[in-house]
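As recorded in TrEMBL, the features of this protein are as follows:
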type: SIGNAL; residues: 1-19; note: signal peptide
type: DOMAIN; residues: 13-138; note: domain 'CUB'
type: DOMAIN; residues: 185-297; note: domain 'CUB'
type: DISULFID; residues: Cys185-Cys212; note: disulfide bond
type: DOMAIN; residues: 299-364; note: domain 'Sushi'
Amino acid sequence: MELTRVIVILAQCVWPLWTQVIHLTDIYGTIKSPNFPESYPKEIDLQWNITVPDGYQIRLYFMHFDIEPSYLCEYDYLKVYSDSEELAVFCGKENTDTERVPADNVITSPRNVLSVAFRSDFSNEERYSGFEAHFSAADVDECRDRNDEDLVCDHFCHNYIGGFYCSCRYGFLLHSDNRTCKVECNESMYTERSGEITSADFPETYPKTSDCTYRIELEEGFQITLEFDDTFDIEDHPEVTCPYDFIKIHAGDKVFGPFCGEQSPGKIQTGSNIVNILFHSDSTGENLGWKLTYTSTGSECSPLAAPLNGHLEPLQSNYIFKDHITLTCDPGYSLRQGDKEFEHYQIECQRDGKWSSDVPLCKKNESQRRHCSLPRILTNQS
């Protein structure tokens, strides 16, 4: 045991102070220990740095391996790494509890660079023959390997030799990052008195890197009510209020939100006839989005009574802004207002809560009055 410790200390003292570096840029090749297949020299510190084009990985496999064995490969060893990531350390002739050999294993670099470092100490008494290895560039299938989020396409991924490209479904645009699919959803206008609005693709994952504005604009006199669906899923943060994705509502001088997370905002009485809804999403997340229904109510007008010998339609318990009433009379009667006569007459509930006109009266027609008065004249003459 003491002798082993002395040998280790001596080995450390005489270890080479400099490393010979060989740069390889071919897409395939062979590396060998010095003098292979003869025994390798002592005190070797040699490193091969292999680089292939972007979009490729490097595959390394060994045809022969015979390096002096030692506990945890303390003396001679071959180390494989990519950038600062150590992939393997080998020594010996066969696998043991403390030593590993490449055998038939293929080492694949995570990126387009790979380094192989070979070091020998001050002795090679048993004349170990060293190693021979082959390397080659291998195309990276970025569409299949999704470990690196930067390589994931939002919708469609197309692989080609040495690279990949992304494309989007119909109706979406590819963002300048060439990966994210966004939508053009700025200033969508809604003018109907009721309707439905959803995030793009709801209830599927909504697009990233988008700013969508939805504007509901009704006539003055209406007030808009929003009601969000129970299915509500916008990326949030446990400690900060909606720092990533959010929905915010502007109605007159009122602001509602921002809203995010899984708790639906429910019903919102905006008190305004114009509502702007902003939905913002950043470049990450896989959330389902939101859906809302909007309705409107107007200023209320007082109920009306039908004139004598007349009718009004529709007959309702209450009337609001923009509601119409049509008035008609019984047969033999006509609607009269001043010196004007009408078969039917229509009035409208206005934004100020007043009717557009007074209710006209139903008066007996002139011909009907003459017809009814003739018998009385004959009776008086008799």
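Keep in mind that glycine also has a Cβ here, set from the backbone N, Cα and C atoms.
Here the domain 'Sushi' (299-364) is broken down by DSSP into helix, strand and coil counts: 0 helix, 33 strand, 33 coil.
Cys185 (disulfide bond) is surrounded by 16 other CB atoms, counting those within 10 A of its CB over all protein chains shown. The Cβ of Cys212 (disulfide bond) lies under 8 Å from the Cβ of Val183, Cys185, Asn186, Ser188, Ser199, Ala200, Leu278, Phe279, His280, each of which sits 6+ residues away along the same chain. Summarising model confidence by region, the domain 'CUB' (13-138) averages a pLDDT of 91.
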